[in-house]
Structures are given as structure tokens and as C-alpha cells.
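If you check TrEMBL, you get these features:
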- Arg77: site 'Transition state stabilizer' (SITE)
- His133, Asp140, His205: Zn(2+) binding site (BINDING)
- Glu202: active site, proton donor/acceptor (ACT_SITE)
Amino acid sequence: MKPYQRIPIHDSHEPLLELPAVFARFDPHPYAKLGAPYPDYSPFALRSSVVERLQQAQTYLQQLQPGWRLQVFDAYRPVPVQQFMVEYTLAVVCTERGWAVDQITPQQRQEALAQVHQFWAVPNLNPLTPPPHSTGAAVDLTLIDAQGRPVDMGGELDELSLRSYPDHYVGLADASAEMYDAHRQLLNYCMAQAGFERHYHEWWHFSYGDQLWAWLRNRRHLGQTSTAQYGRFAA
Ligand SMILES: C[C@@H](N)C(=O)N[C@H](C)C(=O)O
Ligand SMILES: [Zn+2]
């Protein structure tokens with residue numbers, strides 16, 4: 001169990017809302033394209049207050065960089081999709097290691113899964129420990145410029161590497177590294193101004209009101225005892 005999963009949840013039962021067209025999106029959606037199951041809700045949906053805060057974040061961004069927009073990669077993710085993506089990523093990791101995923105030993109499976117879970121939450125059905133995206137309060141996103149071109153963040157979303165750590169480029173004396181770090185700081189600044197917290201291993205993952213958000217806030221403000229406002233979304 002991760003420490004943030006001990007945070008109590010008092011669900012506000014806010015609805016999930018489709019993201020408005022003011023935000024750019026990855027099209028087609030990256031996991032739907034792979035065949036992930038979305039029977040009920042779009043992956044581009046978030047809890048209503050989280051949508052409002054995302055709009056605030058984009059307003060802050062446009063005050064600093066006119067015309068730039070947030071580009072959403074993924075938002076609401078039901079637990080079966082979390083399971084699908086963990087299995088998919090496990091197969092990728094096995095292939096990279098030269099292993100056939102359907103012939104690995106229990107020990108190899110454990111090793112490969114440990115790598116997967118550095119970046120992917122466990123597809124847990126326990127309502128006390130929901131995967132962050134199944135709450136509808138977590139979002140993976142990046143920036144595009146006024147011409148609609150991707151802003152270079154020095155790594156791809158969902159990349160299983162140290163480059164994904166938010167501070168990977170901090171202090172590196174190289175012009176590209178400084179630019180990547182400036183872009184990551186800009187994204188984090190706008191999201192933080194709107195109340196979001198960023199994942200400690202992923203420059204692209206932010207949330208507002210889930211267990212990880214409360215845990216990160218309490219860690220930053222000693223003495224604060226925030227709880228989660230969103231558990232696993234249930235219609
Ligand atoms: C890997 C990335 N897409 C992601 O969302 N990671 C977090 C930790 C998750 O699986 O909830
Ligand atoms: Zn995420």
C-alpha cells in the first residue's frame with residue numbers, strides 16, 4: 001500500500017463532466033486506440049469542480065503565454081482500463097527485456113510489474129484505495145503553443161524512464177535541458193495556481209481532491225490534515 005492510500009475519502013458525489021472544447025486533446029485517445037474498454041463515460045471527463053479548476057489553469061497559462069493551451073492526454077479512467085493498461089505496459093516491459101510475456105516465470109513477472117508500478121497505479125477495486133484516475137480527479141496533460149504545436153517537455157507522456165521525473169532536468173547546464181525544465185515549471189505553476197498537485201514521478205500527472213492530492217498537500221504544509229473529496233467514481 002502507498003502512503004497516500006491511507007488518506008480518508010469523503011466523496012462529494014460531484015458528476016463527471018465532459019471536458020469543454022477550450023482544451024486541446026490527444027485525438028485519437030491513446031488508450032482507446034489500443035482497445036481499452038470505455039462502455040459508459042468518455043476518457044476526457046473529470047469531476048465538475050476539477051473541470052472548473054482546469055479552466056483556471058488554462059487562464060493562468062494564457063496570461064503568461066498568449067494562445068498556448070493545455071492538451072489533455074487522459075482523464076477519467078475506469079478500473080478495467082487501469083487493468084488493461086497495466087497488462088499492456090507489462091507486455092511492453094517484457095518485450096524490452098527480451099522476454100515473451102506469456103512465458104515469463106513468477107519471478108520475472110514480479111520484476112517487470114515492479115517497473116510498471118513505478119508509473120502505473122495498481123488496478124485496485126477496494127473503494128478505500130482507488131487508482132487516482134478512476135476518481136475523475138486526475139488528469140494527464142501537456143502544453144501546445146499558439147500555433148497548435150507540441151511544446152517540448154523533454155520526454156513523452158507515459159514514458160517509463162527517469163526523464164519522466166518532474167525535476168529530471170533541474171540544474172543541468174545545457175540549453176535544451178533548461179528549456180525542458182522551464183516548460184515543466186510553467187505547466188506545474190499554472191496547475192498549482194489552480195489548486196492541483198503534481199505526481200512525484202510524472203511531469204504530466206496532476207490531480208485535485210483525490211487521496212494523492214491530499215497526501216501531497218499535507219506533506220507540503222505540515223499540520224494540515226486535508227482528506228480526499230473524491231473516491232472511485234460511481235454513476
Ligand atoms: C502512467 C500514467 N498514465 C498514470 O496515470 N500514472 C498514475 C500514477 C496512475 O496510474 O494513476
Ligand atoms: Zn495520470
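Including glycine, each Cβ sits where the backbone N, Cα and C put it.
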For Arg77 (site 'Transition state stabilizer'), the one of His133, Asp140, Glu202, His205 that lies nearest, given that the recorded positions are compared by Cα: His133
Residues near Asp140 (Zn(2+) binding site) in space but at least six apart in sequence (CB under 8 A): Val72, Phe73, Asp74, Ala75, His133, Leu157, Asp158, Glu202, Trp204, His205, Phe206
Those recorded positions in Arg77, His133, Asp140, His205 whose CB falls under 6 A of ligand 1, listed in sequence order: His133, Asp140, His205
Contacting recorded positions for ligand 2, chosen from Arg77, Asp140, His205 when the Cβ sits under 6 angstroms of any of its atoms: Asp140, His205
